[in-house]
């Protein structure tokens, strides 16, 4: 007598970000969305790479606790200018300050990605860096961009997939999707390692 094969795991995106959902949809896999409710405050002396890795895993584990047979994707991103972490500005004034500071400078974006296999209790976490060289921007250009794009929920006040491309002089990194918030190249690798091939 043949035993029934186990049900495949459910793919779950632990995010409220429409941008991440849009990126994940590009892989053509069925998935569910469950927004995590976590404290995203950095720990004392926490470095950017450690912060995004911790938050990505925390998001995936919090959502995974409700799903007994799932592959849960958590992701988090920060932008770093010099020694300062640029989070989501949330207001127009904060976004103005961030983009004034970024004008003519190099900003490093770090995207943490975690895949939790709830059946096995395993988590794999990676951090994908990306470097953005901003053009010298006038006050008028910054204001025009913010009025049109309103990137107040985006790390560093910047959306590369939209009008934000007009702010950029140069990009450097392995996966442009990481800038939007979900590194699909690394995610494909993690899914395949978990026995969930994309192709």
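Each position is counted from 1, following the chain as shown.
Using the three backbone atoms N, Cα and C, a Cβ is placed for every residue, glycine included.
Quick look at what Swiss-Prot annotates:
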- 19: site 'Important for substrate specificity' (SITE)
- 76: active site, proton acceptor (ACT_SITE)
- 77: site 'Important for substrate specificity' (SITE)
- 161: site 'Important for substrate specificity' (SITE)
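Structure with Swiss-Prot features highlighted.
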residue : record                                     : Cβ within 10 Å
19      : site 'Important for substrate specificity' : 17
76      : active site, proton acceptor               : 27
77      : site 'Important for substrate specificity' : 30
161     : site 'Important for substrate specificity' : 15
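When the Cα atoms are compared, the residue listed as 'active site, proton acceptor' and residue 161 (site 'Important for substrate specificity') turn out to be 17 Å apart. The two recorded residues residue 19 (site 'Important for substrate specificity') and residue 77 (site 'Important for substrate specificity') have their Cα atoms spaced 12 Å from each other. Here the Cα atom of residue 161 (site 'Important for substrate specificity') is found 15 Å from that of residue 77 (site 'Important for substrate specificity').
Secondary structure from DSSP puts residue 19 (site 'Important for substrate specificity') in a helix.
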